[in-house]
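Record features, source TrEMBL:
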COMPBIAS  1-16  compositional bias 'Basic residues'
REGION    1-50  region 'Disordered'
DOMAIN    74-515  domain 'SAM-dependent MTase RsmB/NOP-type'
BINDING   CYS192, ALA193, ALA194, PRO195, GLY196, SER197, LYS198, ASP224, ASP285  S-adenosyl-L-methionine binding site
ACT_SITE  CYS338  active site, nucleophile
REGION    429-482  region 'Disordered'
COMPBIAS  440-463  compositional bias 'Basic and acidic residues'
REGION    563-583  region 'Disordered'
REGION    819-862  region 'Disordered'
COMPBIAS  830-842  compositional bias 'Acidic residues'
Amino acid sequence: MGGGRKRGRTQRRHFKQGRENVWKHNPQRPPAGEGGDEGREGNPSWQPFATENPAFEEYYKEQQIIPEEEWDGFMSMLRKPLPATFRINASCQFFQDICSQLENDFRKSLETEVSDEHEEEAIRPLPWYPGNLAWHLNFSRMQLRRNQALESFHEFLKRENEVGNITRQEAVSMVPPLFLNVEPDHHILDMCAAPGSKTFQLLEMIHQSTKPGLLPNALVVANDVDVQRCNLLIHQTKRMCTANLIVTNHEAQNFPGCNLAKFCSETCIDEAKLQRLEFDRVLCDVPCSGDGTVRKAPDMWRKWNAGMGNGLHRLQVEIAMRGMGLLKVGGRMVYSTCSMNPVENEAVVAEILRRCGDSVELLDVSNELPELARRPGLNTWKVRDRGSWFGVHEDVPRYRKSVISPSMFPSGKGSKDVEVNTDVVDADMKDSTDIGEGEQETHIANDDSNNGDKLKTEEKTEVDCESGEAPARHKRPVSTSIRTEHSDYPLHRCMRIVPHDQNSGAFFIAVLQKLSPLNENHVVDGEQNISKDKTGKLEKNLGSDKVSSEENIVHQQVVDDTNVLDGENNGGMDTESSKDKNDAKVIVNEAEKGQAGIRDRRRQQNGRWRGVDPVIFFKDEVTVKSIVSFYGIKDSFPLEGHLVTRNPDTSHVKRIYYVSKSVQDVLELNIKIGERLKITSLGLKIFERQSSKDGSPCTFRLSSEGLPLLLPYITKQILYASAADFQHLLQYRTIKFPDFVDAKFGEEASALLPGCCVVVLREGHQDIGSIATDPSAIAIVCWKGKTNLCVMVSPLDGKELLERISLRYGLKIPKLDKEKPNQEIAGPDEQPDSATEVEDQECFLPESKASDMEIPDAEEAE
């Protein structure tokens with residue numbers, strides 16, 4: 001078993017390395033037309049990266065996604081590096097300062113660096129994004145890294161992204177959340193959320209209009225199937241400092257249905273009818289082939305094949321239908337991909353409309369975001385399989401009809417063979433699912449699932465093991481079907497964004513509204529979608545009451561192997577592209593899905609999910625009263641029922657989290673129904689246990705993340721500093737009381753009780769009593785020792801605050817004395833343990849510690 005785990009780690013490492021952007025780690029291999037001469041001089045063996053794929057061009061010419069006269073311009077734009085874009089967080093404290101800095105400083109200083117003859121400005125706001133919050137740069141990310149003249153701007157982008165003031169994200173990736181029309185009281189589900197840029201965007205929307213100390217009534221549930229990607233999702237959204245987020249770890253197509261009525265006796269069923277988890281908005285940004293990201297991920301040119309889209313179609317339909325089932329009547333769902341393939345786009349939307357009937361409407365949103373250039377969806381397309389084109393399902397060979405389903409075609413109808421069981425996964429499906437044509441044998445050889453032998457046997461009857469083609473009796477000449485179909489659905493209401501319209505990547509968006517409850521036959525309640533006889537066989541094979549540890553290891557190996565294969569076939573796509581999200585299809589075959597579902601249900605019956613700490617409401621009244629008394633927290637700040645932790649032993653609780661009322665309601669419902677939601681993260685860290693030799697009366701200090709929420713309600717342990725003293729605290733991090741510029745401030749600091757305290761910048765405020773409720777107030781968490789005051793802010797956040805107050809108030813920041821960088825730092829008995837360290841990364845998966853996480857740099861955090 002140890003060898004298996006080692007292979008799994010090796011495969012995961014190779015997978016992660018393989019999907020890195022080739023432009024990032026090969027400085028001698030820049031994109032065509034960008035630094036080419038320099039690359040040749042530095043490396044004689046350097047060759048330009050091939051930005052062509054004849055099969056790709058043939059496929060999309062045949063699909064006619066753009067007029068023939070635009071083809072050359074379309075392909076020319078696809079071969080150019082993607083311009084960098086970013087979005088300003090309108091809910092951040094320094095929103096106005098950042099906007100002013102971009103308009104007045106960088107926009108002017110970068111004018112001389114314009115390099116594209118098609119661009120007049122070096123940096124400009126995207127005209128279609130509301131409020132000038134999204135910005136387009138006339139530079140690729142490679143140029144930002146390598147151009148010395150752009151160094152200061154590049155550092156600005158990295159720093160602001162890390163602290164959460166901006167998010168670096170591809171422009172077209174910002175579009176889907178905008179069409180959700182989010183309101184401050186909406187419950188929102190992001191079904192395939194990692195790496196988290198769209199989730200962060202949704203959080204910005206619900207927090208944008210809230211005042212200090214107040215939380216919106218909205219809720220965002222961000223889900224992803226992969227545990228490690230949940231860690232990345234948590235890292236991304238942690239920058240938002242929100243109490244309105246729940247991160248879950250489920251297969252999107254099997255997201256649990258949290259309906260209390262199904263778990264109650266008949267006597268209380270009426271009371272439970274209203275207690276169910278439904279969503280006002282659902283973002284269904286599904287795993288896809290990702291060929292719309294070739295400008296950002298040039299390795300896609302080499303990896304792409306038509307089988308990638310065909311293999312994902314069924315999963316995309318399942319996820320979209322599950323999202324529609326979770327949507328409230330009257331709610332809106334946005335379906336989106338970063339693919340140009342109609343089989344992954346229009347075909348999926350048409351199948352949703354076909355299954356849901358009059359219960360769902362495809363909305364015409366042409367009047368929304370009018371400055372966004374978009375093309376209408378297609379009403380006709382073809383399907384390519386193993387070198388042949390098919391316009392109708394009837395022309396598909398019988399032996400391929402379990403793979404090429406009727407739903408892939410415009411009409412969605414087949415011949416008498418339409419009754420073929422499309423839920424059965426056979427060798428043909430393995431050929432089309434996530435792996436390209438010709439890679440069948442590799443996938444089968446690495447299949448460790450229980451039915452792997454069966455799959456191999458079936459494959460021998462259908463596919464030649466040497467060539468990967470059908471045997472002679474099944475072979476079909478490479479041809480194009482003469483017959484074609486047109487969809488009767490208004491698919492022109494869908495949106496296809498193409499790169500040469502606004503110098504962007506490619507994307508597909510469809511906006512659907514739920515008009516009435518779905519037919520029960522179409523609703524999946526989050527259980528594994530398998531028949532009863534399959535479930536019985538699986539339970540018999542698995543044994544009676546428990547799942548062995550060996551089985552779990554084998555299961556994990558299957559996950560690892562599948563992820564590796566997914567990565568090999570989807571290329572080096574960047575974040576928010578399909579390379580990241582293709583991990584969402586961890587297990588392809590139905591038997592493995594059922595096996596995982598049985599294990600999940602057993603874990604639920606045990607009261608928790610294996611490997612994830614439970615969510616516990618913190619009810620230690622003694623500790624809560626101590627905190628309230630020490631910081632003088634006003635009664636108007638609700639604490640009861642809003643504090644949670646992950647440790648059932650209150651004597652060993654290290655962190656206490658604050659959750660909004662909306663999250664509290666979901667947690668209570670989840671407990672009542674047996675913890676069906678696998679929650680990996682939630683809440684805002686507000687208090688953290690702190691040991692100190694000073695003997696503070698309160699064992700919990702304030703968290704920097706939770707300070708903005710709590711600040712208006714604190715009446716004790718709070719100080720108001722002048723700009724000079726505030727600046728010195730951030731610079732030197734520890735200052736003795738007599739050394740403050742304002743002697744009175746030093747006296748007030750020394751008079752505080754030992755332990756945690758808050759220092760607020762007094763500059764710019766006339767009335768000290770109203771500072772805490774001012775959105776522009778700047779405050780930091782400190783520690784009061786015997787002789788000094790010590791800052792408990794990370795160095796990165798401290799540097800950001802220094803620059804912000806210097807720009808806002810015109811202060812000069814003197815350089816530190818290199819000989820004595822921390823002249824006044826106190827001894828270890830005068831400050832808490834690790835007081836100056838950044839607070840630990842939060843995720844609640846013990847097997848995935850923060851120190852083991854691979855956090856991308858700011859360049860990749862899109």
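Count begins at 1; order follows the chain as displayed.
Glycine too: its Cβ is placed from the backbone N, Cα and C atoms.
Cα separation, ASP285 (S-adenosyl-L-methionine binding site) to the residue listed as 'active site, nucleophile', rounded: 9 Å.
Across the domain 'SAM-dependent MTase RsmB/NOP-type' (74-515), mean pLDDT in this model comes to 82.
Cβ-based neighbour count (10 Å, all protein chains) for the residue listed as 'active site, nucleophile' stands at 30. In this entry, S-adenosyl-L-methionine is bound by CYS192, ALA193, ALA194, PRO195, GLY196, SER197, LYS198, ASP224, ASP285, whose most widely separated C-alpha atoms sit 13 angstrom apart. The two recorded residues, ALA194 (S-adenosyl-L-methionine binding site) and the residue listed as 'active site, nucleophile', show a Cα separation of 14 Å. Recorded residues LYS198 (S-adenosyl-L-methionine binding site) and CYS338 (active site, nucleophile) have their alpha carbons 13 Å apart, per Cα-Cα distance. Just so you know, the Cβ of ALA194 (S-adenosyl-L-methionine binding site) picks up 28 other Cβ atoms within 10 Å once every protein chain is counted.
Counting every protein chain shown, the number of other Cβ atoms lying within 10 Å of the Cβ of LYS198 (S-adenosyl-L-methionine binding site) is 27. Within 10 Å of the C-beta of CYS192 (S-adenosyl-L-methionine binding site) we count 28 further C-beta atoms, all protein chains included.
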